[in-house]
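Participant: Annotation comment: Swiss-Prot describes 1-11 as compositional bias 'Basic and acidic residues'. According to Swiss-Prot, the feature domain 'RRM' maps to 42-128. Residues annotated as region 'Disordered' in Swiss-Prot: 1-20. Per Swiss-Prot, the feature repeat 'WD 1' maps to 195-234. Sequence annotations record features per position, and here Swiss-Prot assigns repeat 'WD 2' to 247-294. Swiss-Prot lists 307-346 with the feature repeat 'WD 3'. Positions annotated as repeat 'WD 4' by Swiss-Prot: 349-386. The annotation repeat 'WD 5' is assigned in Swiss-Prot to 458-500. The annotation repeat 'WD 6' is assigned in Swiss-Prot to 517-560. Annotation comment: Swiss-Prot describes 575-620 as repeat 'WD 7'.
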Amino acid sequence: MAPSYEHLREADLDEDEFDEDEVDVSDLREKFEVQLEQGFDTFVVIDGLPEVTEEQKPKLVKFLLKKLTSVGKTKEDMIDMPMGPDGKSLRFAFVEYSSPGEAAAAVRQLDRVPLDKKHTLRVNKLMDVDRFGREGRIDDEYQPPHIDEFHPRDHLRSFMADPSGRGRDQFVMFRGDHVGVFWNNEKDTPENIVDRPNWTESFVQWSPLGTYLLSMHMQGVQLWGGPKWDRLGRFPHPFVNMAAFSPQENYLVTWSNRPISIPDEGHPALSMDDDGKNYVIWDIATGKPLRSFANLDLPPDDPNKPPRKHPWPAFKWSSDDKYVARLTQGQSISVYELPRMNLLDKTTIKVEGVQDFEWAPSRPQRDGVKTYEQMFCYWTPEIGSNPAKVGLMSIPSKEVVRSLNLFSVSDVKLHWQSEGAYLCVKVDRHSKSKKSQATTLEIFRVKEKGVPVEVVDTIKDTVINFAWEPKGDRFLIITTVTPTGEVAVQPKTAISFFCPEKSKGSTVGNFKHLRTLDKRNSNAIYWSPKGRFVVVATVHNQNSSDLDFFDLDFEGEKPEGEKDLTANLQLMNTADHYGITDVEWDPSGRFVATWASAWKHTMENGYHMYDFKGEQLREEAVEKFKQLQWRPRPPTLLAKEEQKQIRKNLREYSRVFEQEDAERIAGADQEVVDNRRRILEDWYEWRESVDVEVDEESAAMGVSSNPAEELLKAKTAEILASGQEEEQVIEEIVEEVLEESEEIVS
């Protein structure tokens, strides 16, 4: 029965005995408290200041002002430093900024910043001090903070020590709902290390040095690693879509197409400053967010082109993690310093019309430059009568060290060589009538004095792919003829190889065309991470799935016309993998994995494994196979001299490795033989035990253990007694000549 007033006692209805003060509603008041605008959101409180007298106070204020103005606008008269009754400062100050955003930036960028060797700033919002420091929220008695017991962490680079001693590499596979990490066993079944269902909700990703495995979830991103595959970090970003590491694994960027919405009860990691943002940059070591950003407005769509998407990655890193930059297309490039995430020199780099930029993948060591620098390249289109331009900018000086004017430009792509020694600018040019198009390759020699630019032959066809040799100076392009209209069959492609001429001394010669292989369907280039070997493939194509394995340092005879070039090209092998969508080399450059992903199609999903020569080692069809990714290796710890010594003695090491491989294979074969022999011996023992049991049962029943033998003896005796001859079996063998041939051997 539902309660009603009739069920209440008279005493319960006596209003005189009801006292409102006895009802504690503090929890409800705190939960549903409305934050009224009090006008203090532009103020911050700075603790940790040195104690000064009234005479010393102006000097401290001026010194402090230099740091305060690095994040926003404030003045001396907007800094209030209270003094005690003894005439000395109380070691804190109130600072007013011109906007709430600047106050938030001060908290984010100046908190824990050293003022000098003995003093470190602690910066908080005045509103936060009032909110968290009000009566009842702080205990009168000091309670020491709880410090968790220290537990040593497993070595995060343990994967470098292969327990078999064979130097195998690991890879991760995502199939169905399962994610597993495996040791590569060449022709044999991969050795499973860990396999977990529902480990990720969308995809997995290795960090650049192989330390972490990233998994994606609706609530955010998680990192895993170590020999026990423990969770090493959580980065809560609701509805996250993408994530990317910095090159040295110090930072992580997460992005969601949905703006962050901070609930009234707060968020475990994000603050109200992050509300409405799409990108978050995290410090991996602490798990704390450094700064968040909103999506930039996209330029208006061209009605003749598909809708624009937000660029990814939107934040690009310098090779040493000291800087991260973001492009505002058509306007500027913003460079931020890590870990404070403050804008370099407090200003963006204004570049009118800028379309794209790329950091050098390694620290460039330009000739004659001894100071520290990082470098990025950028390009701008033709604007009015001004030509298109490609520029190289040094950071942190922001000096443009080289620029190049370009004319009749349709599009530009920027391609850095892995060590930052070369930059290839692929320029698509149009004729005056804009009816025909050609491509030129402008190569910047970054490490040479003055950064000279070399123009490679003009290419009449459209270049659809370009790739530098890692740690080398050779490159490939794939070209095709652009069809004038819709065609039923895609036009054929051509593969062109380029390399430098031989030259005296340490200088690299001019780049020359080595060879072109036409009438192909190839559309993708995959260099070995060690250089020399390259796979040219046809991916995402229903009609073709070719794989061509090339060696650019073939040790055989070199064609006469190529003897002055630094390459000897040889096609080692060809293969075919139907439905292929992806190709990836292992970090050692010994093996190549290809796979057909269920994310692209559902036909014959699975993977193939090849060696660097193109010999297929393994093929496995896997239902709902989605992803395979090799685990990267960190750079070697060996000095250059030690590496040279190893290369010098490589033949001796090879003999040892070949002997170990032969013994391992022989051992595996012997193990199979021993196992079969053991099974056969077990069967013989079982049969013998059965015979013994039958004999014992027959003796107990008074029956012969072999009645067939007894019957045969009785029948033979009966035949002999009747005078008949013993039965005999006669076999007749007939041979027939089917074909006869005669061969004369000289």
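Placement of Cβ uses the backbone N, Cα and C atoms for every residue, glycine included.
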Participant: Per DSSP, what is the residue count of the repeat 'WD 6' (517-560) in each of helix, strand and coil?
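Facilitator: Final tally across the stretch: 1 helix, 20 strand, 23 coil.
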Participant: Which listed stretch (195-234, 307-346, 349-386, 575-620) has the most C-beta pairs under 8 A with the repeat 'WD 2' (247-294)?
Facilitator: 307-346
Participant: Grab the pLDDT values for the repeat 'WD 3' (307-346) and give me their mean, rounded.
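Facilitator: Computed over the repeat 'WD 3' (307-346), the mean pLDDT is 92 on the 0 to 100 scale.
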Participant: State the non-local partners of the repeat 'WD 4' (349-386) in its own chain: residues 6+ outside its ends, Cβ under 8 Å from one of its Cβ atoms.
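Facilitator: Residues 247, 316-320, 322-323, 325, 327, 329-335, 392-398, 401, 407, 409, 412, 414, 416-421, 423, 425, 444, 446-449, 451 contact the repeat 'WD 4' (349-386) from elsewhere in the chain.
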Participant: Do you know the DSSP helix, strand and coil residue counts for the repeat 'WD 7' (575-620)?
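Facilitator: Per DSSP, the residues of the repeat 'WD 7' (575-620) fall into 0 helix, 23 strand, 23 coil.
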Participant: Sequence-remote contacts (6 or more beyond its ends) of the repeat 'WD 1' (195-234), Cβ cut-off under 8 Å?
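Facilitator: Sequence-distant neighbours of the repeat 'WD 1' (195-234): 153-159, 172, 174, 177-181, 240, 243, 245-249, 252, 254, 284, 287, 587, 626-627, 629-634.
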